[in-house]
């Protein structure tokens, strides 16, 4: 079913089980095609594409010019050999790329063919198309989905099919289903869908709540059926992905500018020489006609000048080197391979190596200034772990050694043995044995604590086989808590709408569930009221500490103080905390309250408020039990990586779809937010004005403070942003939510947002939509001349990844969207450090060195012709042999410079990581910019000048040792060519910092090859075969056997190299950069032998707490008490008639509430669905 | 070390990690190979520019270059060279008339004599050169106006010379041999040297005309069509002589078949085009006869010139040069001076850099490296 390619599709019609009908519309199918060629079209299309490139077209024009005999100053082969080589290399690269694209297309398309109709074994299924849900394995056509990959939220969401279609759950019924859907055309609105289902002469309205969008994951739902509405590129997710842009690096852009400059320079030289030729022909050439008559076409000196101009363009075109672009591509390819091969970016758990998916951006990695990071799955592992707790004033969870010193928990630390508990979850790890001991001692507080955890939640258990429990939790936090209780002997085993069965220390105990006082964002707590087998009624409550503490019985005051301290401690470690409390209820009181509750749940008006009041009433005077601390597990090494990257002056912004509190908590735990920061600005206005106000005041706050600290004209400094930013000593952080961001991204607020954000050390944007992520990146890209990098793992990061200069995908996670859209992918956030500080830095360094040398080399090589022009009547006579011109760039000098570009290292990888400041030159564009270009071309020009004039001085009077004359053109050519090859080889020797065997081989090899080819081309044999093509016969032999020629070469080499050497020595000696210092250090270290460096772990301090409570969502209490989510078999018998009215519209309520919470709730389903259509 | 602390663990954990995925059979791990090349750990020499390496280099260069320079300079100064301009620009110069009248079309040769005195005797072999100035043998159109196949005796090229030879390719449909502007403008002055001894008699100085071309040119690059036998036959009829020539190519040196036709050494020397517009070409060699008498004793000499070659039209000059040679070739003061200068500069730079290094060195140890 598929992409339509109507010009304008007004509406979409899809009919179930009517392939012929649907085929009429030619909608997009789900196949992806990214490859460009097939075997037959490859050659023509590829050649056509290649000649569209300016460089290649330019060389083609040159080639045509060379064929004109009047102009041709060089044989055609001097251009065609390099051009063909370039075309072949590029074609091979394109072919390889396309081959891999074919392969990956095949993989993707095959994956789609494995579409699951039933996902009974795996509990999650991706949807690959936008699907209208018809029915599912769950009662009432319910379908649970997770959208973590889309918005970073980890809680489950619910979709419900139309009631009329929810009983279509068998293939035969489905085959008979012939409804027709008429809906909106494909668009990118993830939270909106309008359509109508026509079936059996009835109309049913369809909205977003009945859609499973591509990209979301089915959870706790065995199967579902649906109609594919949009597929392939028409799915809402794909429509929302942003356009793939062809990314080019800033070096690329610079290179293009420089090539234009060189081109202008070339034309200038051509004009100068053409004018020279006109003058020469007028003054001398005219009189020289006795020996050299003018050609018949040469009607005037001016026309001769015109032709000379073109002749010189041909000769001097090597300043715009044909091989530059290809060499750059080859280098980047090599650098990409080094990234792919890096074992230190290989993640063994997933068996995933880093992958450079684009090979054109490597050096940009060395210039990154802004990193935009997703949170869930990128910074965090999306795993919650029960890490610590405080029970009755006693903390558990830390491990101490015999000296009472806290022991750092590593993977080697011994875990607590839970073998006493047959129902335990083996993946659960806890390190503090004292808690188990307390349990075994039957400490009543500890027991009550875990009982609460086992009872007070909305988790659904599933026991597939005896003792094999699977919990389906609405949020990972809850799952972690219930799992903890399970391991400590309070196993939550089964539930019905009215009972909860625990297995307490091996004894099965069934509690009667009287009420669930559900969670919501205002209450920030949830409670259950249960009757235990002894008949006592108890209220168990868990929630944000502040909320719980307000509702405690005065008798808990002391405990509250202790627990409060513990909470601070937990929060300081970045843990998500919850306070737990209970209350014994009086039977009579509860009866009364329950009646009120039942009444309240049936009223129409203000039901929510009345219920809230009732909940509030009963949750008073509770007794504190303790507190839990859950670790939102960061990926390994995240705080260290962030610390290291910020030392490298890289600004990290976190953009997450998750809630403010969660995001801030992560900010704290990965050390981006700290207590010692001067101020954390939270922007959460609802109107444009409010946001503006908040932004202004935040900015004024910063400026106001800095005004005191810096004695300067603030107004002036404001104008100079960068200077100004540096004067801010104080540290600030900015947290902004999606609502406010929408306003702040409007044009009038953009500048102030950007100013403020750049003044802050840390920026966190939460509850942002994928498009907003892209907008933020776009904002920075547009206004700051900085390289941006976006890193994420989910489909919600795709737009941002595509927008940023560099997109990085975290691979090995469930979804592949981010990786597919990314330029680089690896499995762990911490590899970013190595990617940037090592690979990026090296790539940039190598590329810059390469370019500098390349331009130098070509200027030195080519401009000799310019100087010679003044001595040969501006006749476009070349200095060198044509073969030398052909081979110089592609044979004699290509490999050493490639080896340098591939292998050079100024500083090794350990030191690159140890001194992150080494990264800064890349951000400031110091290694290759217009100034550097100017310097290296200047050096090239000077070299060409010396290369010409020293032999000129010597040759004007040169005589061979046997007396024969020697100042002939061929000997001159061989001498200059040999000097040139030696000079550029010596120069690359000086420029190379890291001489591997390959460098040695290439440099010495190139020199050897030069001499070998030189003698071969000027040998008797080859002259005998092609006398007119190799006129230099014997020159090398005659020339290089002369001592004086070698003296000239030696002199030229020394004179060309020494000035550069002096300059770089003075620079290193007097103004050493950090790189030079580290190099020095590195060398002295190497002499001393390796040293161990110990690095302390970053210590976090924070007073944040209760993040879980704040970030938790509306619970599924209603769902449980209504029994709707229970399997039919379990529910049918146990349904309580009293609650039915209550439950009739629970879904609507819930969905309504959910929408209040998430400003844009788009949900995507990747259901490989459904055989239906 | 932040990064490396993870590595150890990963490498340890690798076997289990990989096998965790494996179902039946061994799943090939994607772990990159641990080779020095792939991990960019190739052993390497990492030179740095330090005072310890750069400064000695300067002194060494200085110490090597200055002696070489002095050696070259002295050698060059010891070479005896005599040069005389016989163009005939001035009214009072002996060749003035010839210079004014000479043109390619002259049938009657014009001769003139120039007298000169050698102040010092020339001891060893003396080389006689002719020099031309302002003569653009290196002009592109001139340089390419030849056919090496033809000069190599190629039959087909002989009949159908290369287009490059235009406009000296054919006359009236008959191919020119040798074709092209270079051959056409062959230097055709004849120089003869006489020693005027003390009693005033002219003694001809024997001039050797063989051995003046490069061996490779004479024996490989230039060959007569059909070998050296019966050149007249080989060239006759089918070919015409270059327009400016007085005699056809097979009569360049009728006395010596080894020096006739394309392998005539004067012709070969001319065909090796000069790099710069002012050049000299070897004309004759005066061989040393005995070890006791100098090759050219000091005294008066006369140079008899058969003046055929017009250069005045383009402001050219013609010279005759007599020179001895040494181990490094002819007189060449440039190299000696250049070597002395460069050597001194390097030495001086070494001293200056040494002073700068010790006076302004700012690099302490690593203490000031910010982390």
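In case you wondered, yes, glycine gets a Cβ from its N, Cα and C as well.
Caution: TrEMBL annotation is automatic and unverified by curators.
What TrEMBL records for this protein:
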type: ACT_SITE; residues: A:374; note: active site, 4-aspartylphosphate intermediate
type: BINDING; residues: A:374, A:376, A:793, A:797; note: Mg(2+) binding site
type: BINDING; residues: A:374, A:375, A:376, A:478, A:519, A:542, A:576, A:656, A:657, A:658, A:767, A:773, A:796, A:797; note: ATP binding site
type: DOMAIN; residues: A:14-80; note: domain 'P-type ATPase N-terminal'
type: DOMAIN; residues: A:819-1073; note: domain 'P-type ATPase C-terminal'
type: REGION; residues: A:1082-1105; note: region 'Disordered'
type: TRANSMEM; residues: A:74-92; note: transmembrane segment
type: TRANSMEM; residues: A:258-280; note: transmembrane segment
type: TRANSMEM; residues: A:300-326; note: transmembrane segment
type: TRANSMEM; residues: A:850-871; note: transmembrane segment
type: TRANSMEM; residues: A:883-903; note: transmembrane segment
type: TRANSMEM; residues: A:933-959; note: transmembrane segment
type: TRANSMEM; residues: A:971-990; note: transmembrane segment
type: TRANSMEM; residues: A:1002-1026; note: transmembrane segment
type: TRANSMEM; residues: A:1046-1066; note: transmembrane segment
Residues A:374, A:375, A:376, A:478, A:519, A:542, A:576, A:656, A:657, A:658, A:767, A:773, A:796, A:797 [recorded ATP binders]: greatest CA to CA distance in Å: 34
Contact call for the transmembrane segment (A:1046-1066) and the transmembrane segment (A:300-326): at least 3 Cβ pairs under 8 Å, seq gap 6+: no
Distal contacts, the transmembrane segment (A:883-903) - CB-CB under 8 A, six or more residues away: 74, 77-78, 81-82, 85, 318, 321-323, 327, 330-331, 334-335, 846-847, 849-850, 853-854, 857-858, 861, 973, 977, 980-981, 984-985, 988, 991-992, 994, 996, 998-999, 1002-1003, 1005-1006, 1009-1010, 1013, 1017, 1030, 1032
Winner by Cβ pairs under 8 Å against the transmembrane segment (A:74-92), considering only A:300-326, A:850-871, A:971-990: A:300-326
Most crowded position, judged by CB atoms within 10 A, among A:576, A:767 as binding-site residues: A:576
Residue A:657 (ATP binding site): tally of other CB atoms within 10 A of its CB: 30
Same-chain residues at least 6 beyond the ends of the transmembrane segment (A:300-326) whose Cβ lies under 8 Å from its Cβ atoms: 53, 55, 58-59, 62, 65-66, 68, 70-74, 79, 82-83, 85-86, 89-90, 255, 259, 262-263, 265-267, 269-271, 273-275, 277-279, 281-282, 285-286, 294, 854, 858-859, 861-863, 865-866, 869, 874-876, 878, 885, 888-890, 894
Binding-site residues (A:376, A:796), the one with most neighbouring Cβ atoms at 10 Å: A:796
Whole-number Å value for how far residue A:657 (ATP binding site) lies from residue A:376 (Mg(2+) binding site) (Cα to Cα): 9
Predicted model, mean pLDDT over the domain 'P-type ATPase N-terminal' (A:14-80): 77
Cβ-based isolation winner (fewest other Cβ atoms within 10 Å) among the recorded positions A:374, A:793, A:797: A:374
Spatial neighbours of residue A:793 (Mg(2+) binding site) among the recorded positions A:374, A:576, A:657, A:767 [C-alpha, 10 Å]: A:374
Distance [Cα-Cα, Å, rounded] between residue A:519 (ATP binding site) and residue A:374 (active site, 4-aspartylphosphate intermediate): 27
Secondary structure of residue A:576 (ATP binding site) (DSSP, helix/strand/coil): strand
Separation of alpha carbons, the residue listed as 'active site, 4-aspartylphosphate intermediate' and residue A:797 (Mg(2+) binding site) (Å): 7
Surrounding CB atoms that lie within 10 Å of the CB of residue A:519 (ATP binding site), all protein chains: 25
Whole-number Å value for how far residue A:374 (active site, 4-aspartylphosphate intermediate) lies from residue A:576 (ATP binding site) (Cα to Cα): 19
